[in-house]
């Protein structure tokens, strides 16, 4: 179930939020159960959780909760046991933080775990044994072990019940710590003789729903005390014995039993008769046998009455009477006595004259009389006389012993009887013993029993319990009083030693003891001492001490000396784990009586823990564009020590653009202190050191490695502010000229430099037709071949652009200077060479030496020494007549012209430049040595016939070429027809679905007529003869060998190398034809023509008026790409083409009609 949610926010930094949310859930929720809608409660969007890589930070604690970032939920990860997590601590809560990044946000979350009744009360032991003396007084207390219920509140332990409760009741005492002290109190005296063993059940009950309980069985052994006197089996025993029985004869056996146990039940027998000397005649053994110890004489005593006492070890006794009849035997002969006559008494004897002592004579016999005879002689007379002796009170009562000692247990019950020795009074009648008096009479009273023989048996009866602790020794005086006048008495002292019984429980001197111990105390350190006293004596007063804590670690940390109560440390203390210990100590005597006390031990903290640094949330990478006060890392500092020992100060190293700020208690944030620059420092190792204020101080540190991520804040920088490069003309297209280089201080993609040629024009032509720049390497390539004579240098700009977003760039100016090459021969400007007319210079015959005939004017478009011209006379009709100026080309006479010199002089002058290798041009100079024009004209008429001859020769050459071409075409048609027939048989092309794979050759154009020609696109045309459907697939079979030459050009013929055609045999000739106009059209009724093009089509056009410039016209789609459109090829003369290839390509698509 989801509890109330508490939410508040505290803004610490612009990019740092500190908030808190609280939930309340019951323990033991199933895995995956919902705790709360954390995203909603924090006011966050689910996307923020995902983008911020939200995570739960619990420190060193186990993770019980899990964050579902996709749904923004907080769910149970592992079952939570409140008792294992918090024990008895309330409230029980999980404290953790949810950390987000970019920016860093910390949200403390508290989840309160409420208790459910999932634990029953339990006792440490299933049974407990007590030994309790039956003399234990009512109200005696016996400490019971407390039950432990890990639950709290109503679900915790509430009450105890004890069954059966005949002798005991329970009493619960609330303690200051909230616990309950349970005591078992004796409410009815125990009687071992009735019940020696008792079994009770102690039940602990909690208050949860459903109610749970735990039980412990209590076994009580009742210890015996001397509370029962011996009891004879008979009150009177009778026996007979002959007077002649020898000593040692067993007369009879008396038997008394004692309900007590052990020593208290051991009975000893004694003969209680006094003043009679019977103890000399008879003896009694320990087992009750009455044995004759002296000779008997029937004539002296015919009967004996013996009083036997049975006494136990506690002084309790009983008595019985043994009557022994002596049997007579004929052991006496008759005795004749001659009475002396001299025995006489005066008649005048005064009254009171003692005739004889009759007491000695009669003893207790009454009446006591003396019988005698008076004899007279002369004459003999015999008179019988009886004298009766009356008693006077001349004898006081006397005891055989002046004192008697008793040992009586204080546990003796009221009514206990103790037989006393009877006093003896020799008088008889009223003068004899009449009564007894016992003083003092606080505890005892006397009881007299009249015997059958008229005597009195005296007993001392306990009327008030003894208390050894109040009076362990009692002295009494027993007085026997007769009834005579004057009254006479006799006394005997009774000394009573009160034996101790375990009727007092131990009592501690204090209910609460306190002690302190340092957490670094060594084992064996004495913490404190407890002391209890027991008013009992001997073994009953001997106390043993024990620790009664259950289900905690007290027994593992402390021990108590069971004899002197000294509490010592046996474990390792840790103030940070537990600061206080409550030790429950029990004092127990040998009788099982107990008392308890509590020892509170306070652990004294020492500075034994260094601060713990926990990185709650950190960014290992931070952008160099981060503003000051941007949170980099959230740090939690924990020092479990207390007071000054737990106060921590943290700091970082200096000279770094970061600062450590304290945001709240134990929380620090590492924030930027100034602007970052990755180019200055790409990584920081930040050491955070935290020290406490203990003495000595303890510290710890952690090193954070922080990478500075790059932003595109640096534009590429060229190595030079401008570049100059040189290239020799007539270079090969795509030739690398030089390389521009730019560097970018940024990193990775932001530092990836691309080079771009900026749009500009050179002489109205885009600069891209001159050069190109490699985007990756910056290498500048020549797109075309340069001609120094047309362009000597040009400028353009190259832009270096990085890969950032947005990209940054910089420009540099590049100047390309063309170096001249001797690629142009000298051109003769004068004299002008014409094809149809003849020009001649006239030299008069009167010309002197050095006469300037003419001047050969030539130029060389090259520059430098390549343009330095020298003139030489190569051939001459008369070399001795003319010379040519080496530097100026002037033709002068070197001698005087004579009449013998021919009129027509032909000079061939060669003009050479100074290049390497040198180039040259020749010019024919016709010189007429004559003084008049008619003379000159007649000499030059033969030149017209030579011209006609040349024209006829040209005609025949053309005719021969036409014949040869016709024969070649005829053969070609036959071959093609055979191939078409085979093709129609196989129908391969009709079913073919093979794709057309175009090939694009490099495209370079020569727009300035320097002799570099473009490559030519050639197509194979495949046609079917099917009148209803014809598929035309245009696919190039490789470039052909094409020779192109402008008849008017004086340039060098160049050959374009290409792949070999499938029709080109190794020895096939290369044919060159001239066509005025060719128009080819599709004659079929329907034709589907598919051009295998992957891009633009290429149409080559040559302008006859051009000096060799061939241009490529680029188009996206040709008008010929329609299925039924005619295929037109126009070639403007003069144009040179591979005639054989063109004809084969055209003939492959029959039928055709030529116009």
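If you go along the chain as it appears here, the first residue is 1 and each next one adds 1.
Keep in mind that glycine also has a Cβ here, set from the backbone N, Cα and C atoms.
Per TrEMBL, the feature domain 'Cadherin' maps to 24-123 (among others). Confidence across the domain 'Cadherin' (24-123), taken as the mean pLDDT and rounded to a whole number, stands at 88.
Residues or ranges marked as domain 'Cadherin' in TrEMBL: 124-232 (among others).
As annotated by TrEMBL, domain 'Cadherin' applies to 233-336 (among others).
The domain 'Cadherin' annotation in TrEMBL covers 400-508 (among others). Applying DSSP to the domain 'Cadherin' (400-508) sorts its residues as follows: 3 helix, 55 strand, 51 coil.
According to TrEMBL, the feature domain 'Cadherin' maps to 509-613 (among others).
Under the heading domain 'Cadherin', TrEMBL lists 614-718 (among others).
Secondary structure by DSSP for the domain 'Cadherin' (719-828): 7 helix, 50 strand, 53 coil. The feature domain 'Cadherin' is assigned by TrEMBL to 719-828 (among others).
Using DSSP to sort the residues of the domain 'Cadherin' (843-940) gives these counts of helix, strand and coil: 11 helix, 41 strand, 46 coil. Sequence annotations record features per position, and here TrEMBL assigns domain 'Cadherin' to 843-940 (among others).
The signal peptide annotation in TrEMBL covers 1-19.
For 953-978, the entry in TrEMBL reads transmembrane segment.
Contact check: the domain 'Cadherin' (124-232) against the domain 'Cadherin' (843-940) gives fewer than three Cβ pairs closer than 8 Å, residues 6 or more apart, which falls short of the contact criterion.
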